[in-house]
Amino acid sequence: MAQPSTKILRPDRAGVARAAQLLSTGALVAFPTETVYGLGANARDGKAVAKIYAAKGRPRFNPLIVHLPDAAMARDLVRWSDTAEILATAFWPGPLTLVLPLRADNGLSSLVTAGLDTVALRVPAHSTAQKMLHAFGGPVAAPSANPSGRISPTTATHVLSGLDGQIAAVLDDGPCTVGLESTIVGLTQKTPVLLRAGGLPREAIEAALGAPLDLHTRGAISAPGQLASHYAPRAQVRLNAQNPQDDEVFLGFGSMPADLNLSPSGDLTEAAANLFDHLHQLDGMRRPIAVAAIPQNGLGAAINDRLRRAAAPR
Ligand code: TXA
Ligand code: MG
């Protein structure tokens with residue numbers, strides 16, 4: 001039997017309305033955010049959320065980020081705090097996810113939180129995501145729209161290459177501008193904790209707080225970004241390379257000859273936006289990948305984090 005194919009929706013009024021309507025019927029809809037494409041489901045509908053885990057082939061213990069149209073809705077779901085207020089005021093909408101203690105009457109499917117008593121919340125800045133979330137009017141659970149453990153999607157084409165036929169629709173609004181998943185900050189302890197480096201540089205968060213973030217170093221995996229092999233291309237990846245060897249393809253940074261270059265001018269924002277797309281392209285060449293050294297400041301921390309995971313043995 002032929003597989004049902006995934007509908008591609010345009011980011012106009014009709015496409016956004018259709019995406020919201022599909023979500024309300026319990027279907028899966030991939031949608032653009034400024035970070036990466038998300039695989040959305042109604043976060044109050046356990047059956048819909050279960051479809052996310054099935055489509056991604058995702059281990060059940062990984063909790064999902066809940067996307068909201070605005071910060072006001074967050075207060076109905078979690079116990080808000082002064083620190084949450086500071087960070088939400090400074091960075092929402094935007095590439096920041098906050099982990100907060102759940103309220104008892106939250107209405108979310110327990111599959112979203114994987115049974116934890118905390119939840120990860122994010123208000124994306126992307127205008128099409130904003131329109132879809134406002135049209136839907138409720139919380140949308142959404143991990144990145146890729147099969148579990150594979151490279152994150154920054155275009156609708158990437159989404160379809162991993163999930164065509166397994167999701168109802170993808171709302172296509174071109175490439176993501178940030179290109180790295182959101183930065184995750186845990187607000188369930190006295191000191192805010194950096195749980196995942198991402199599209200908002202740690203320096204910006206610390207400046208807003210006027211204090212350093214704790215680094216998440218304990219053994220427990222509270223974010224799958226912390227599994228060693230995540231964001232993995234099929235090809236082998238070698239880091240901090242000065243030149244390609246043998247049959248390697250070379251991913252450059254700054255002024256140097258390369259098969260693809262994350263940013264010929266050495267701009268980390270541009271490099272972040274290109275990272276997953278370039279990895280997808282090089283992976284398609286079915287040759288080992290060598291990657292130039294990337295500076296560790298600003299967005300470089302998150303870029304290097306994703307590259308280390310792409311290169312990890314598996
Ligand atoms: O930019 C992003 O964050 C993208 C877009 C679609 O918004 N989403 C994304 O979701 O990267 P996902 O599911 O691939 O990553 C969610 C991360 C995981 O590392 C998960 O473990 C962590 O959020 N997380 C979710 N709930 C959590 C919780 N209660 N405590 C700690 N970490 C949590
Ligand atoms: Mg992901």
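Numbering starts at 1 and runs along the chain as it is shown here.
Even glycines carry a Cβ here, placed using N, Cα and C.
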Given that TrEMBL lists His67, Arg122, Ala142, Ser182 as binding L-threonine, which residue among Thr25, Thr35, Thr89 does it place in the same site?
Thr35
What is the nearest of the binding-site residues Thr35, His67, Arg122, Ala142 to Arg58 (ATP binding site), using the Cα of each?
Ala142
Across the listed L-threonine-binding residues, Thr35, His67, Arg122, Ala142, Ser182, what is the farthest Cα to Cα distance, given in whole Å?
13
Model confidence over the domain 'YrdC-like' (13-200), averaged pLDDT:
95
Assigned conformation of Arg58 (ATP binding site) - DSSP reduced to three states:
coil
Taking the Cα atoms as reference points, how far is Thr118 (ATP binding site) from Thr35 (L-threonine binding site) in Å?
23
